[in-house]
Each structure stands twice: as structure tokens, then as C-alpha cells.
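Chemist: Encoded as C-alpha cells, here's the structure I'll be asking about.
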């Protein structure tokens, strides 16, 4: 039988792509990620367990290896546990070889964050053949694989003790590159540990006792970029550890390298505490080329439903503010708990976890479920929050809720792409609507211990009666919507959630997602949405048409056109010449990117005045002082009055630039004399120093 999509493909002589499949590695909007600490999930092959002091039989010592491996994950895909849960992406522990030594306090590298060789596997998880089977099994089940990645550091080390653990040693496929206390090639920073007092301090000093890479070192830069490409042959996504502790400039050059080689969805960890809002966090998410774990979402939902220190007004304010602060809020990765915080179910009733999961799965962003949350696994802080999975019960309420809402995310584009509108709110009740085109999801949450009758509720749902998509797993009722959009005063049961929806695909083009959101001319970009039509139209970057690689009604792949570097709005024009609303702020890069450290000596300033750099390419602000890069640093790698900053700039490019000073009122003082000139390297990194 020939499917309609095959007929269309033949007519256009273009391949078609299926939305929300494993082939779309840059769009996770409709996916549900399941985070696994590999060592703690399932032991599928006891033969690869470690021996001796680093292994804990029956996991009685949570600081040690417990036996979980890739075969265990494969088994749980094959027996249907993960697929029936509705999971479409697995975030696994960093798969690379980690240190074997036992820390003096009894700690081990079971978590995967103490790398020693990024070009080898952790043998306690499996070998490369096992990893290939993990990925192929996942893909056959419609599941993507995301790997953790730690380009910030190797492993624990002390300047004064070369025998401490493994001295931060770094290997290149078995060959020693260097170690921390005998760092002849200057692979690491030697500035002591960070006290987290400033952004600069957190970047250029060690995070705790972890040997901090000097990412401005050409050997380190090349090695890390080579290493991730080895894994990119198989994987579908990357979670980058500790992005707050590396320069944005180097990380942007990394993302440019990845997107040119094999674009995959990438998100980073920038930890925020309860109630913490950091503009630098937003800037990074908007400019670096990668998304972030959404700690504002995670901390707020925990405050509302777990700790009961906030209410739904606070949650709604967070939703509204982050929609403004993040250019791509649907690409931020949301959660209710993870490996760096206490388990959500630690001090709450099971129904509170159920409510939190329902909100997570119907809110904007890419939802991530920490392994065992669906089993109400408890635990305090590390390592208690990393207990082994004991049961794989498919009858828990959380398992059923996740399964139903994961399925709805796949079917209804409002959950993947839609905006959020608050429809009714008080301290205990939150009713919010997600809408994309004609598809709508209305979610009603009552987190109080008493029933609530809702008056004056309005919605975009069409006239009709709607049953709860959760089938009363959380005591949701039906709702009746009138022709004018008013609802007939529904009653919400105590501690309940109801989800009502209509799925109706748009017949005119609507862009829901573009990924990645940075790229140079010729890079492949995927445009997802609805109503594109089966016949090829066009995709515009501003007013310039892009080369079409593939086209379907819900997904288009294009090549970034040859346009001047800068930000562009994208739009889709279908075959009947109907144009979509613009999708804003795609950044066209000037070319391949390299990280360069710019430094200027003798730049004295008054209190409240900072130094910036501006120049002749988009990456340096195109001579616009409002887009100048900075404020620059002056405390760690260089001391005031020398200022410095690591910046991603086009490779092999003749650059012109100047330094400027900005005071707290925005007044600008330009560096005198001719423009500074410099040719960036074709590959690698560099440092260029001039005088004020």
C-alpha cells in the first residue's frame, strides 16, 4: 500500500520527515524525557559490575557503584516499561570512561561526572557494542538518547597532592594528555576553588575540587570537540553539565561546531536556587545556542506543591516572566526533581506528586521525569536522591498519569508549541490554557483540601461537553462550554486535576518550533508546525528564500541562506501563497566559530563603569555600542586594570574592533585612535591583547 506521504514525496522529489520521530533530533517540544542515573536504574549484565572497594553489593553504600548498566535500560525498553510510560527520550549518565580510584571518603564515579577519557566507554555501563545496541533499541522503540557531557572538568584533584584520587588525569583514547599537579601543557586552570561570588569567579576557578579545564587551551578545545563528535554519530541530544562555570564564548563555539557537524537538541545545567532569577541565565539561553534546564520552573512548582511556601499566583508570575525572558521558552527543559535536589515525593503525599506531574506535562517547556518519580521514590539530598529502582510497577497513579499525558503531548500541538493563558486563579486553584492554532488544552488544578466551584470561567474551547483526558485519575470532572466561551461553573474536587482538550490541525501555516536557532550559511535547520501543506512552498529568512531539503505538512528542513550575519525572522509560505506569522530571532552566524580571549591593558575606570568590546561583525555587535560584548572581567585570569573576555567569533576572519567604557547611566566612552585589527585563527583558540 502506498501512503499519501509517499505519493507527495514522489511528486516533489523531496524526502518527507515524520514529526516527533527519532529522526527529528532538534525538536523535543512534544517529547517527554526520562532522566536515568545509569548505575541506579537496572543491572542487566552483572558480568560488567566492578569488583573490590568501589562496588556495593545490594547498593547498601550509595556512594559506590551498584551495577546499573545499558543492558538494564535495554531490558526496560524491551519489556515495555518505558514505552508504556510514554517516554520518547532517555537522558542517561555520561557514558565516557570515568576514574576508577576510590575517594578517601569512600566516594566513586558511579554518577559519570568524573571523566578520565572521553573517547572510551565506562566499562561498568558497557562497551561501544552495548552502547550501539542501546541506541538502536531506543530508536526502534521511537525513543531518543540524550547523553550527559562534562566539558568543564575532568575529575577530583588537589594542587598539593598528586596521589589524590587520579590527579585529574585526562586521556585521549588511552594516551595520557596530562594531569593536574604536573600540568606541563597547561590543560587546567590553577586559580583555586570558586567561592561563587561572581560569574567570573565561577568560570575560571575549580568547581569544588574538580580539575577545571582551560578551555582557551588549543589541545583541550580540540580534544573536547573531537570527543563529542565521536558520540554524535549515535546520540540524539546532549545535556551539558555546569554551563554556568564555562565561558559563554567557548560554549557558543562548541554549539556552532556541533550544529555544523550533526545538529541535536542541547540543553545545559545552570543551577538556580529557590526564588533566584539571574539575567545572565536568560542571556545564556538566548545567545549561546543551547537551551537550559528550567530551574525557575522547577523551584517554583516545588515551592507551590511540595514545600507549600508559594501559591499559584507565584507560579503564574513565573510562567509570564519566563515567557518574556527566554526567547525560546518552549525549549527550556522543565522538571519537578532531579539528581541534584531532594526527591519530590520525600515529604509529600502521593497525590501531590501526581498533581505536580500533571502540571509538568501540560505546561510549556520540554518535561523531564527523574527515574523513579513515577514510583514515588523518596530520598533527600545526594546521594539519597539516587537510590536504585526497586520496583517497575505500571499500576501507580503517577505511571498512568504520565502515560496519558505523554500521549496527549504527541497528539495535541498546543502542549508542544502553544502559548499559555491564565483563565482562572486564586491561591489554591490554577486554570490555564495552552493554544496553538485551533488546538487547545485547558488544565484545571485544585491543590487545596476542599472542593472549589469556579464561576466566570472563559476559554477558547469550542462549544461542547468535554470529558477529563485523565479519566478521573485525579478526580477531574467534565466541563460544558457555551457558544460565547463561558463555562458552566465547573466544580473542582479537592486535590484534583482535570485536562480538557480539542485537537484540530490548522489549515494555514503555523510555525511551532525552529531548531537549532543559530547557524551559519549552509547549515541545516528544521522548521516544525502545522498547515505547511503537502506541496512545497518556501521558507523565508527575512525576505530571502532558503533552499528546501525536505517538506511535509508538519516539518520542513532548509539550508540557512547566504545572508548577512545577524538575527532574522523566519516564515513559511505554503503552495497557495499563505504566509505564516513570523518566528523570531534566528541568528545567522558569520561563519565557523572559534573562541578568542580579548584582553585590554590599562583600562582604568571609575566605580560603576565597565569595559566592553564592539567590532565589525555581528558576533562583536556590528559597531553598535548597545550590542557590545561584556561587561568584561578583571579579577581572575587578569587583574584590573586589565580586562578580558572569551568571545565566539568567525574563524579566519579579519576583525576590526575597539574597546568602550559604559557607566551606570549608559554613557559611552570610545577607545581613541584607529580600529584595532586582528585575524582570528582558522581553528582552535587564541588570545589577543592590546592597550587602551
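Here the Cβ of each residue, glycine as well, is placed from N, Cα and C on the backbone.
What Swiss-Prot shows for this protein is this:
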{"type": "ACT_SITE", "residues": "269", "note": "active site, proton donor"}
{"type": "BINDING", "residues": "152, 203, 212, 245", "note": "Ca(2+) 2 binding site"}
{"type": "DISULFID", "residues": "59-66", "note": "disulfide bond"}
{"type": "SIGNAL", "residues": "1-20", "note": "signal peptide"}
Chemist: Which of the three DSSP-derived classes (helix, strand, coil) applies to residue 245 (Ca(2+) 2 binding site)?
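Modeler: In the DSSP reduction, residue 245 (Ca(2+) 2 binding site) maps to helix.
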Chemist: If I take the Cα of residue 269 (active site, proton donor) as reference, which of the recorded positions 59, 66, 212 has the closest Cα?
Modeler: 212
Chemist: Does DSSP put residue 66 (disulfide bond) in a helix, in a strand, or in coil?
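Modeler: In three-state terms, residue 66 (disulfide bond) counts as coil.
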Chemist: Around the recorded Ca(2+) 2 site, report the further residues of that chain (criterion: Cβ within 8 Å of the mean position of the Cβ atoms of 152, 203, 212, 245; site residues excluded), sequence-ordered.
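Modeler: The surrounding set, listed in chain order, is 153, 189, 194, 202, 204, 205, 206, 207, 213, 242, 244, 246.
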Chemist: Fill in the CA-CA distance, residue 245 (Ca(2+) 2 binding site) to residue 66 (disulfide bond), as an integer in Å.
Modeler: 29
Chemist: Do you know offhand how many angstrom separate residue 212 (Ca(2+) 2 binding site) and residue 66 (disulfide bond) by C-alpha?
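Modeler: The separation of the Cα atoms works out to 28 Å.
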Chemist: In whole Å, how far is residue 152 (Ca(2+) 2 binding site) from residue 66 (disulfide bond) when you measure between their Cα atoms?
Modeler: 26
Chemist: Using the alpha carbons only, what distance in Å do you get between residue 203 (Ca(2+) 2 binding site) and residue 59 (disulfide bond) once rounded?
Modeler: 35
Chemist: Tally every other Cβ atom lying within 10 Å of the Cβ atom of residue 66 (disulfide bond).
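Modeler: Its Cβ has 25 other Cβ atoms within 10 Å.
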Chemist: Can you name the residues of this chain that are 6 or more positions from residue 152 (Ca(2+) 2 binding site) yet have a C-beta less than 8 Å from its C-beta?
Modeler: 207, 210, 212, 213, 241, 242, 243, 245, 246
